[in-house]
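Reading through the structure tokens given below for one structure.
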Amino acid sequence: QEMNISVVWCLLVLAFAVKVLFSLTTHYFKVEDGGERSVCVTFGFFFFVKAMAILIVTENYLEFGLESGFSNFSESAMQFLEKQGLESQGPVSKLTFKLFLAVLCSLIGAFLTFPGLRLAQMHLDALNLATEKITQTLLHINFLAPLFMVLLWVKPITKDYIMNPPLGKESVPLMSEETFDTMRLWIVILLCALRLAMMRHHLQAYLNLAQKSVDQMKKEAGRISMVDLQKMVARVFYYLCVIALQYVAPLVMLLHTTLLLKTLGNYSWVIYPELNSDTPVENSLLPGSVYSESPPADGKMKVTVVQITMALGSLKNIFTPLLFRGLLSFLTWWIAACLFSTSLFGLFYHQYLTVA
């Protein structure tokens, strides 16, 4: 069984996206006069509490598969340790696992705070600039896209109505569970493509802040030098790179966690797969020939290859697709939830608090 090299590229892209958001967040912490530091810390604690509350919700409401994935991971790890002659109750307790997830979620929420707030402001400005109804509709769908993603994992709202639709006495599922999982992945990717397509409208709305500042200055009394006016206008254009990163980086994180979910979770891109093409969720052991073949004594390279293959096979049996399904489903859902929460707060702030 060969390793899918696309997993490495997705992990590298995720690492670079997180690094970019981390650099932008540390820049806000270096500002002493503004309140950006307090905003990041406040939202970080808010998302930590929110993550702890989400993690105690049962699978009947939020269908991540974390419980079954963690149980499978613990059982596989205990079996591996027993084969090595070690006695253990498991690699980590469920409480520690969820606490680690909550801390990770709080960091992700803190990183996505200002991208969400900025998106809300650009959304309002883009709506004011848009003249066509289709553009305004797409802007509204783009803003609500994270909410649609969040609802895809809310079992009573989506899956229960599709798998058990109220169509009289008989309950006929509209699609299979595998088809529903594939449709969910496609919907997330299509919404990410829509957000990427609407990027030009949002960046143009930000660039128009320079014109709005000049128009506002004309209404005020007093004079301003030409140099100060040029600096004020140029400041908007210089900051455009940061705005573009704040718009693209969360989108890249969301897209690549979805791709990792498809690959590591053994999902399929085919909406209606054949009956015999279903891939099993559990990873089986490597073929017996890998273990039974005894390479010659002088072939040190072959011995090393066999040892590495056996080690990778053991890791595959511990980190199963069931674990990756639960973990990556939760992370994908959480990124979308953070984006919508911060954007909704930013919309309320720019629409009401700033005016007041």
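Positions of Cβ are set from backbone N, Cα and C atoms, glycine also.
Since this is a predicted model, take the numbers as computed values, not measurements.
For 6-26, 38-58, 95-117, 137-154, 236-259, 331-349, the entry in TrEMBL reads transmembrane segment.
With a cut-off of 8 Å on Cβ pairs spaced 6 or more residues apart, the transmembrane segment (331-349) and the transmembrane segment (6-26) reach fewer than 3 such pairs and are scored as not touching.
Long-range contacts of the transmembrane segment (6-26) within the same chain: residues 40, 110-112, 114-115, 242, 245-246, 249-250, 252-253, 256-257, 259-260, 263-264, each at least 6 residues beyond the stretch ends and with a Cβ under 8 Å from a Cβ of the stretch. Two recorded stretches are said to be in contact when at least 3 C-beta pairs lie under 8 angstroms, sequence spacing 6 or more; the transmembrane segment (95-117) and the transmembrane segment (38-58) meet this definition.
Residues 61-64, 119, 123, 126-127, 130, 184, 187-188, 191-192, 194-195, 197-198, 201, 254, 329, 332-333, 336-337, 339-340, 343, 347 of the same chain sit 6 or more residues outside the transmembrane segment (137-154) yet have a Cβ under 8 Å from a Cβ within it.
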